[in-house]
Amino acid sequence: DHSKRRVAYYYDANIGNYYYGQGHVMKPQRIRMTHTLLLNYGLYKDLEVYRPFAASFEDMTRFHSPEYISFLRNANENEQNTSQSVPLAVNVGEDCPIFDGLYQFCQTSSGGSMAAAVKLNKQKTDIAINWMGGLHHAKKAEASGFCYTNDIVLGILELLKYHKRVLYVDIDVHHGDGVEEAFYTTDRVMTVSFHKYGDFFPGTGDLKDIGVNGGRLYSLNVPLRDGIRDDSYQSIFKPVMGKVMEKFQPEAIVLQCGADSLNGDRLGPFNLTLRGHGECVSFLRSYNVPMMMVGGGGYTPRNVARCWTYETALALDKEIPNELPLNDYYEYFGPDFMLHIDPSTAHNSNTREYLRKVEETVLRNLGEIQAAPSVQMQ
């Protein structure tokens, strides 16, 4: 049956215990809320549920510098000993605080994405999900935007051992700068990011940023404006991704499902509903290419849990009722206790004309690349 896919799901019950600190918008507890909803919807019966191994120091230094990972490993002791021991370059502080168990948190998040990639490599599953991952801002030797280790880059490096070409798609409201930067010079990974651009963190992801040297034209950026709604979003997502699939012909896809592009997010100014966001999952799933789905941003925890539960159901091709089942966090989902959310009346600043221009530019760039680029050993 074409619609049936084996779906592996990675989760560690400790993930909800990590705490970035008072007043910080990043709440790892949202992953536990997602897991609770999945359980109570009964979706776990159709998933292969795994608890990933913690990524080792060696695993994480496949991308990150050993000095940086050592810093993270010793961060808690450093913090207690002296405030002077934080090198400025690693960028921990207000956005990326040092919290209890920081290194273990990085090991869990990275371990989940690496395990998901290995499972796909061994062809033991068709779709692998790690909602604990998706931390797309982390750089080789610096933390950024609430992200410390880049589980996505580690997962893609794993996938490249078995797949000639890997496609990375990012539907978080923020630009996927860490992943783009990591693969900016290679044609084996194409990165496509749909994000808010213009006076917004991290400030990168211009239409003109297309990669360099061997990677020229293999980084695609789709800069969007405030208030984008489902129909506008899909009017550019589908033609761009359809062309990407045709030209690049990836052997594996990594989809970052940041839920901060939904309406009502504390940081994001977009106006998507779960259906518009989830449509991206369904569209890419329809190509029947091995796919890894990871989490990412999302700062209104109840909507993050709704979104990732719904997208797990889409991965399984299961219908789930709009009425939320009773669960440990039930009161968080008031006053309506429904799965789906409505768009707001916010103004959509993405005119047809603007989206058409962006689409034309992106498709023109795609037209220049050779189909299914060759692979030389590196």
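Positions of Cβ are set from backbone N, Cα and C atoms, glycine also.
Annotations in TrEMBL come from automatic prediction, not curation.
Over in TrEMBL, the protein carries these features:
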- 24-313: domain 'Histone deacetylase' (DOMAIN)
- Asp95, Gly145, Tyr299: substrate binding site (BINDING)
- His137: active site, proton acceptor (ACT_SITE)
- Asp172, His174, Asp260: divalent metal cation binding site (BINDING)
Problem set entry | Euclidean distance between Cα atoms of the residue listed as 'active site, proton acceptor' and Gly145 (substrate binding site), Å | 6
Exercise. Between Asp260 (divalent metal cation binding site) and the residue listed as 'active site, proton acceptor', how far is it from one CA atom to the other, in Å?
Worked result: 14
Problem set entry | Spatial neighbours of His137 (active site, proton acceptor), counting only the binding-site residues Asp95, Asp172, His174, Tyr299 and Cα distances within 10 Å | His174
Exercise. Of all the binding-site residues given, Asp95, Asp172, Asp260, which has the fewest Cβ neighbours within 10 Å once its own Cβ is left out?
Worked result: Asp95
Exercise. When you average the Cβ positions of Asp172, His174, Asp260 for the divalent metal cation site, which other residues in that chain have a Cβ within 8 Å of that mean position?
Worked result: Val173, His195, Lys196, Gly258, Ser261, Leu267, Gly268, Gly296, Gly297, Gly298
Exercise. If you measure Asp172 (divalent metal cation binding site) to Tyr299 (substrate binding site) at Cα, how many Å is it?
Worked result: 11
Seminar exercise, completed: Asp95 (substrate binding site) and His174 (divalent metal cation binding site), compared by Cα position, are separated in whole Å by 15
Exercise. Rounded to the nearest angstrom, how far is the Cα of His174 (divalent metal cation binding site) from the Cα of Tyr299 (substrate binding site)?
Worked result: 12
